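Asks: My questions all concern the structure below.
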Amino acid sequence: MENKNVIQKMREKTPLIHCITNYVTINDCANILLSFGASPAMCEAYDEVYDFVSISSALYINLGTLTKEQETAAVLASISAKNHNVPVVIDPVGCPAIKRKVEVINRIAEVGRIDIIKGNIGEIKFLAGMDSETRGVDSLDNGENALDACTQLAKKYNCIVAATGQKDFVSDGKRGSVIKNGTEMLTKVTGAGCMLGALCAATCANFEDKLVSTTAAILSMNIAGEKAYEKAQLPGSFRIALIDNIYMISDEEIWERGNVEWK
């Protein structure tokens with residue numbers, strides 16, 4: 001396995017992360033990227049994204065509040081990412097409820113590129129063609145067969161797939177990881193999943209083994225959440241403490257404290 005200094009390598013480069021994301025959590029995504037050591041840019045005008053992706057280190061596309069303008073921008077940005085060798089992270093927020101989002105993902109896969117798909121377990125199982133239980137943008141799934149869903153979807157799109165829930169699962173189609181860190185308080189803060197997608201973009205920007213970089217991003221969020229909850233047990237203060245702990249997170253801490261099973 002590649003050297004696991006994922007966070008160190010990311011912070012040495014201060015990668016520029018181009019985000020086309022939803023209006024609910026855009027500020028949180030920008031702030032957590034800054035705290036993590038990356039440089040966020042929330043550029044989504046369709047006549048600007050092609051050029052901006054060309055100077056970016058990674059592209060993060062979040063489909064949470066997808067407008068037609070964002071759809072056009074996301075497709076154009078993915079084409080630029082393919083042409084300029086920029087990794088792309090997709091967060092298929094709410095795809096079981098709004099089927100148009102699946103069409104957008106398939107279009108991006110067809111004309112652009114996808115390196116990582118990060119969703120909750122319900123979204124990932126839905127995209128993999130498996131039965132899943134969701135409510136709006138939330139997963140009600142218990143996680144059964146989640147790693148199998150990740151593996152199937154990773155093979156379909158030839159990318160890394162991460163499914164988050166009580167346990168988190170990551171697969172590249174052959175290898176996998178199961179992460180057992182975290183706190184339930186992460187489910188009480190709007191946008192924790194969106195912020196995680198942004199972290200996945202940051203860690204993959206300058207790290208070749210994207211299974212490891214994605215696992216590191218999830219560990220960073222989960223362990224920062226655990227530490228935040230030690231000091232802040234209410235949602236508002238927890239959200240602030242989460243971003244503070246992301247600022248302080250390190251490779252040594254995530255791999256020492258992390259409860260990861262490699263498959």
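Placement of Cβ uses the backbone N, Cα and C atoms for every residue, glycine included.
For reference, Swiss-Prot lists these features for the protein:
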type    : residues       : note
BINDING : MET42, GLY191  : substrate binding site
BINDING : LYS118, THR164 : ATP binding site
Asks: Return only the integer: C-alpha distance in Å from GLY191 (substrate binding site) to LYS118 (ATP binding site).
Replies: 13
Asks: Identify, among the binding-site residues LYS118, THR164, the residue whose Cβ has the fewest other Cβ atoms within 10 Å in this structure.
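Replies: Per-residue Cβ counts within 10 Å for the binding-site residues LYS118, THR164 bottom out at THR164.
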Asks: Fewest other C-beta atoms within 10 angstroms of its own C-beta: which of the binding-site residues MET42, GLY191 fits that?
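Replies: Among the binding-site residues MET42, GLY191, the lowest count of other Cβ atoms within 10 Å belongs to MET42.
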Asks: What's the CA-CA gap between THR164 (ATP binding site) and MET42 (substrate binding site) in angstrom, rounded?
Replies: 24
Asks: Roughly how many Å lie between the Cα atoms of LYS118 (ATP binding site) and MET42 (substrate binding site), rounded to a whole value?
Replies: 19
